[in-house]
Amino acid sequence: MGCGMSTEEKEGKARNEEIENQLKRDRMQQRNEIKMLLLGAGESGKSTILKQMKLIHEGGYSRDERESFKEIIFSNTVQSMRVILEAMESLELPLEDQRMEYHVQTIFMQPAQIEGDVLPPEVGSAIEALWKDRGVQECFKRSREYQLNDSARYYFDNIARIAAPDYMPNDQDVLRSRVKTTGITETTFIIGDLTYRMFDVGGQRSERKKWIHCFENVTTILFLVAISEYDQLLFEDETVNRMQEALTLFDSICNSRWFIKTSIILFLNKIDRFKEKLPVSPMKNYFPDYEGGDDYAAACDYILNRFVSLNQHETKQIYTHFTCATDTTQIRFVMAAVNDIIIQENLRLCGLI
């Protein structure tokens, strides 16, 4: 009798091989797809990192895309000046030059959302004049006492260019623009052989409960903290320190049952603003156990340790970087290092190392 395989056995073997090959293809595809969850409290810099990824890996913004940021930039700029003028009333800080009152009325007459391709000339003139007023400058110095957009000074300093009839937003203008993220946004980038799927979720408190269980299979979590906000209060609850809120959120994510095997990359962000603030706003006023004075390195170490010490899992890796999300050169360097970490983590998760 022949010892050849029966038709049934051949079909069974072929099916097994096809299943094995499909599993292998799935593993390879999984290896080439990186799912990254961007987390952090509101205004920590998550959306800025996504914009940097576009600049670094997709060649930047087209003319049409830059055009689309004009209204956001105009609205951010006008709204920031309005916030300062309202704060001057509540803090009882007068204008140095009362002739500026005309410009104040111009600002208050503007809608919340500025529409159009050009900032009205009278609005540009009003912001330029008010920004030079000592009363406005004094109020700006006290911005930790109210809620002011981080980019206010940048836009005010550049108001002549922004208000020009032929204005076209540059990379920095776009990076510093601010729109509150609500819900979950997914952005995809191709980096080398890898496809990055980056999920950005709303940072404000009301957004958080919606998403946590949806992402237990992510490759890694990129968690951002605005360390410059150590002396500021939450937008949603002006009794809670922003840094304390970030620590609470990091604790809940780092030790969540959904993310036990997930590595975390921690960006301690806005180091430029942090460095400026330390000499004028003592950290000890907000964190009494801090003993480093206005020494930048000591303050960085203190904050780093406060976050890393929350990790309750010995096997969980936390990779840390001090960052300035608006600095494209620095973010390009940091993201290259992050890419190496993520590749290793992904190979581990796929069972390939």
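Each residue, glycine too, has its Cβ placed from N, Cα and C.
Here is what Swiss-Prot records for this protein:
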type: BINDING; residues: Glu43, Ser44, Gly45, Lys46, Ser47, Thr48, Asp150, Leu175, Thr181, Gly203, Asn269, Lys270, Asp272, Ala325; note: GTP binding site
type: BINDING; residues: Ser47, Thr181; note: Mg(2+) binding site
type: COMPBIAS; residues: 7-26; note: compositional bias 'Basic and acidic residues'
type: DOMAIN; residues: 32-353; note: domain 'G-alpha'
type: LIPID; residues: Gly2; note: N-myristoyl glycine
type: REGION; residues: 1-26; note: region 'Disordered'
type: REGION; residues: 35-48; note: region 'G1 motif'
type: REGION; residues: 323-328; note: region 'G5 motif'
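Note on Asp272 (GTP binding site): other Cβ atoms within 10 Å of its Cβ, all shown chains, come to 15. Note: the region 'G1 motif' (35-48) comprises 3 helix, 5 strand, 6 coil (DSSP; helix = H, G, I, strand = E, B).
Taking the region 'G5 motif' (323-328) as a whole, pLDDT averages 96 in the prediction. Comparing local CB density within 10 A for the binding-site residues Glu43, Asp150, the maximum falls on Glu43. Around Ser47 (GTP binding site), the same-chain residues at least 6 positions away in sequence with a Cβ under 8 Å from its Cβ are Arg178, Val179, Thr181, Asp200. For the binding-site residues listed here (Thr181, Asn269), the lowest count of other CB atoms within 10 A around the CB belongs to Thr181.
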